[in-house]
Each structure stands twice: as structure tokens, then as C-alpha cells.
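**Q** The transmembrane segment annotation in TrEMBL covers 35-53, 89-110, 122-142, 148-169, 176-197, 209-228, 260-286, 339-359, 365-385, 397-418, 430-451. The feature domain 'Major facilitator superfamily (MFS) profile' is assigned by TrEMBL to 35-456.
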Amino acid sequence: MLKNCEVHPTTSSEAYPFPDIRKTSNFVFWNRTRLYIMVLTLACLTFIQMNTLTFNFTVICMEDIVEDHHRLTNYTDTHWFERNTEKSLLFSGAAIGGLIGLIPSVPLISSLGLRNVQTISGLISAAGAILFPLAVSIGFSASLICRILQGVGSAIMFTAVGVVPGVWAPSREANTFMAILSCALQLSNIICMPVSGLLCESVLGWRSIYYLFGALTLVVYGLFWFTYTDDPKLHRNVSQKELGKISTGKIEKIKESVPYLAVCTDPTVIITWVSCFGGNMGFFVLSLYGPTYLREILKFDVRETGFLSALPFILSAIIKFAAGQVSDKLTFLSEKARFVFFAATSQIGFAAGLVVMAFTSSRLVAQIAFNFAIVSSGLNIMGVIKCIQLRCLQHVHFAIAVISFTAYVVQFLAPIIVSIICPDNTPEQWTILFLFITGIIIVCNAGFPFITKSEAADYTKPRNVKVENAL
């Protein structure tokens with residue numbers, strides 16, 4: 001006999017003709033299990049992103065490995081960490097891993113589910129972080145392998161941001177849900193940069209950062225494995241009342257193959273991918289090289305660099321959370337008006353911040369513009385990702401996987417571009433870089449407001465069944 005069962009009749013539009021029996025727990029998080037899932041997923045995404053970011057900061061405080069090498073060799077040999085080519089490859093290593101991880105991600109999510117794939121990703125990311133200090137002592141090749149593992153682990157991030165809200169969020173909370181999950185990009189910097197700055201200058205040293213973040217990644221992903229489900233119906237802590245709230249007005253997604261050609265030739269999808277490429281180019285240049293810019297150009301010390309690198313991401317997370325709630329309440333505007341507004345506001349503000357950074361000689365003005373640019377970039381998730389969710393529906397995981405692919409391409413290209421344009425890290429070279437990135441952002445985003453559509457594409461409609469859950 002089942003204990004604590006809830007029985008509810010299905011409607012004629014549901015997939016099953018018999019009453020649906022669900023076994024539930026006595027504890028249902030006050031009918032807000034979805035909020036627990038949101039916070040848990042946010043923590044998981046934050047830690048895998050932190051594992052890829054840590055090197056971007058510790059690169060400025062790893063001089064001890066060079067000094068130790070010189071003492072051992074009596075200054076007769078150059079350490080690989082002193083060569084810009086090897087450093088650039090380590091910066092790009094996470095992007096290489098991301099590209100490798102994305103290749104199997106779409107078919108694996110379709111066959112194994114997000115829970116299994118994301119848990120495996122977390123374990124890989126943790127291994128890459130925990131083993132990195134050992135790898136550095138072994139040599140460049142081992143270090144690059146660990147960076148690639150960190151990237152493989154983070155490959156699931158953008159896909160999860162797009163998929164989890166569609167599964168767990170009620171329709172009227174979807175934008176807020178997505179905005180909060182996408183804050184993983186900001187939270188990872190908020191936590192990583194100041195903590196790294198403190199530990200780098202402590203007796204524990206830079207190696208402790210990797211051990212700490214890697215261990216915490218294992219903890220949160222263990223919790224994720226035991227308490228997350230790919231369907232709210234299967235979660236013991238989801239009450240019937242909450243399930244009804246989550247399900248009302250949604251599309252019942254039937255497992256089916258992705259119409260790759262149709263998605264890839266959809267003008268709305270194509271221009272969204274192009275727009276994301278431009279926005280990501282600016283974001284990742286500032287994310288990857290923000291500490292270097294603050295340290296080498298604006299001349300802040302290591303501890304100041306840690307806190308100042310985190311500041312714009314704190315502001316971005318706050319603004320993004322507010323923007324998600326505002327978007328959910330702007331029901332008098334069409335869906336397209338809302339996502340175009342956020343996309344345009346984001347990219348125009350981003351470009352303006354870069355232009356100011358390019359031409360100002362004031363350290364204060366440059367810091368303000370740096371903050372403004374990153375805060376503006378955070379709003380783009382409410383534009384492009386929302387657009388592609390509305391357009392692709394059940395195939396959104398593939399569309400977002402391509403966005404992830406372009407993001408990792410950008411992460412791979414960014415170190416190459418920076419090393420070519422800014423070989424000496426002079427203010428004049430950074431001015432050229434900022435103007436170059438501004439041009440890319442403008443060109444890639446110019447067509448977004450005019451080409452995109454908010455209606456679901458034809459390739460999504462024939463295979464779906466409408467769920468009208470009145471519970």
C-alpha cells in the first residue's frame with residue numbers, strides 16, 4: 001500500500017486515461033520545492049563556472065612556481081609559465097574543454113536526462129580543479145589537461161539555464177527563474193575573485209583555492225544527484241498543489257529527435273546565435289582579462305583587484321534579478337517587445353561602457369565604465385535566451401548548446417585576440433582592443449530587433465500536446 005499518496009484525475013488532454021497516482025513526502029518545502037531546485041541548480045552552475053575562472057585570477061599570483069624553478073636550475077632555464085604562448089593556451093584550455101564537452105551533451109541529455117549529465121559534468125569539473133596544483137608541478141601538458149577538464153565540466157552550464165526553467169518554473173515565473181539561474185556567471189566572479197585575492201596573499205597560497213572550490217563542487221553535486229529530478233512529477237517533495245502550478249499552461253514535451261536542419265535554418269535562431277557571439281566576445285574578454293586590466297593598466301594591487309573584479313558582477317546579479325521580475329510583470333507588452341528591449345538595452349550599454357574605457361585616462365572613470373559594461377551585459381540573458389526559448393520550445397536544449405559552443409569559441413579566440421592586440425599591455429593597445437570589441441558587438445546585434453520572431457516555430461508544433469491542468 002502506498003503511503004502519503006495523492007490522487008488526481010487527468011483531463012482529456014493529458015497523456016494518460018487513468019488517475020495519476022503520485023507518492024509524495026510529508027515535507028513539501030511549503031509548496032515551494034521549485035525554489036529549492038532553483039537555488040541548488042544555481043549553486044551547481046556557480047561552482048563549475050568558478051572552477052574555470054580560478055586560473056584567470058591565480059595567474060597573477062603564481063610567481064612562486066617560477067622562482068622555485070629558477071632556484072632548482074640556478075637560473076639556467078626558463079619556466080614554461082614565463083612564456084606567453086603557454087599562458088594563452090591555459091586561458092584557452094577551458095574553452096577547448098567546453099567545446100569537447102558540448103559535442104555529446106545534446107544526445108546525452110536526450111537519452112540520460114539533465115540530472116545524470118550535469119552530475120557527471122560536476123565530477124569532471126571538480127577533478128580538474130583539485131588536480132590542477134599537482135598538474136602545475138608536473139608540467140605544462142598536465143596543467144592544460146586539467147584546464148580542459150574544467151571546461152568539459154562547465155559545458156552544461158548554458159544548457160541548464162535554458163532547460164531547467166522550462167521544466168520547473170511556472171509560466172509566469174519563468175523569466176525570474178531564468179534570470180536567477182543565469183546569475184551563476186556573476187556569482188562565480190563574486191565569490192571567486194575576492195576569495196582568490198585573500199587566499200593568494202595568505203599563508204595558504206594559490207593552491208588552496210583549487211582545493212577549496214573543488215571540494216565544495218563535490219559537495220553540491222552530491223546533493224544535486226540525490227535531490228534533483230528531471231520532471232517535477234517524479235519529485236517526492238513536490239505537492240500536488242505545486243505540481244498544478246508548475247504544469248498549468250505548459251506544453252507537454254514528448255521525447256523526439258531534434259529537427260537539426262529546421263532549427264539551424266531558422267532566421268530567428270541564426271540571428272540569435274550571431275547576437276550571442278557578439279555579446280559573448282565582449283563579456284569574456286572582460287571576464288577573462290578583467291583582473292589583468294585592473295592590475296596592469298589601472299594599477300590596483302592583488303587584493304584590490306580581487307574585490308574590484310567582483311564588484312561589477314555583484315551589481316549585475318542584483319540588476320538581473322530585478323530585470324527578471326520586471327519582465328514577468330510587463331504583461332501589457334508583447335513577448336517580442338520585452339526580449340528586444342532587454343537585448344538592446346544590454347548591448348547598447350555594453351558598447352557604451354567599452355567606448356568610455358577606450359578613451360578615458362581617469363582610473364575612476366575607467367573603473368565605473370568597467371562596472372557599467374559588465375552590468376549591462378548581464379541583461380542580455382533576458383533578451384536572446386528568452387527569444388530562443390519561445391521559438392524552439394522542446395528543442396531549446398540544442399539551440400542553447402549552439403550558444404554554448406559559440407561562447408567557448410569566443411573563450412578560445414579571446415586570448416589569441418588579446419595577445420595580438422595587447423602584447424605589451426599598454427593603455428594604447430587596450431584602447432584598440434576595446435574599440436575592436438565594440439565594433440563586433442554592434443555588427444552582431446544590429447539585425448536582432450528586426451529579424452527575430454516570438455512565435456513558436458513550425459517544427460515545434462505538430463508533435464506537442466497542450467496540458468491544461470486546472471488543479
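Using N, Cα and C of the backbone, Cβ positions are placed for all residues, glycine too.
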**Q** Cβ under 8 Å to the transmembrane segment (176-197), counting only same-chain residues 6 or more beyond its ends: which ones?
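**A** Distant contacts of the transmembrane segment (176-197): 34, 38, 41-42, 45-47, 49-50, 53-54, 57-58, 157, 160-162, 164-165, 168-169, 206, 209, 212-213, 283, 287, 291, 302-307, 309-310, 313-314, 316-317, 320-321, 323-325, 327-328, 378, 381-382, 385-386, 389.
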**Q** Are the transmembrane segment (89-110) and the transmembrane segment (260-286) close enough that 3 or more Cβ pairs fall under 8 Å, when only pairs 6 or more apart in sequence count?
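**A** Per Cβ check, the transmembrane segment (260-286) does not touch the transmembrane segment (89-110).
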**Q** Please give the sequence-distant neighbours of the transmembrane segment (339-359): residues at least 6 beyond its ends with Cβ less than 8 Å from one of its Cβ atoms.
**A** 275, 278-279, 282-283, 323, 327, 333, 365-366, 369-370, 372-380, 382-384, 386-387, 390, 430-431, 434-435, 437-438, 441-442, 445, 448-449, 452, 454
**Q** Sort out the residues at least 6 away from either end of the transmembrane segment (397-418), same chain, that have Cβ-Cβ distances under 8 Å to it, and list them.
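**A** 88-89, 91-92, 94-96, 98-99, 102, 105-106, 109-110, 151, 155, 157-159, 161-163, 258, 260, 263, 269, 272-273, 276-277, 280-281, 284-285, 288-289, 384-385, 388, 391, 433, 436.
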**Q** For the domain 'Major facilitator superfamily (MFS) profile' (35-456), provide the mean pLDDT of the predicted model.
**A** 85
**Q** Where among 35-53, 122-142, 148-169 do we find the most Cβ pairs under 8 Å to the transmembrane segment (89-110)?
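**A** Between the candidates 35-53, 122-142, 148-169, the best contact partner of the transmembrane segment (89-110) is 148-169.
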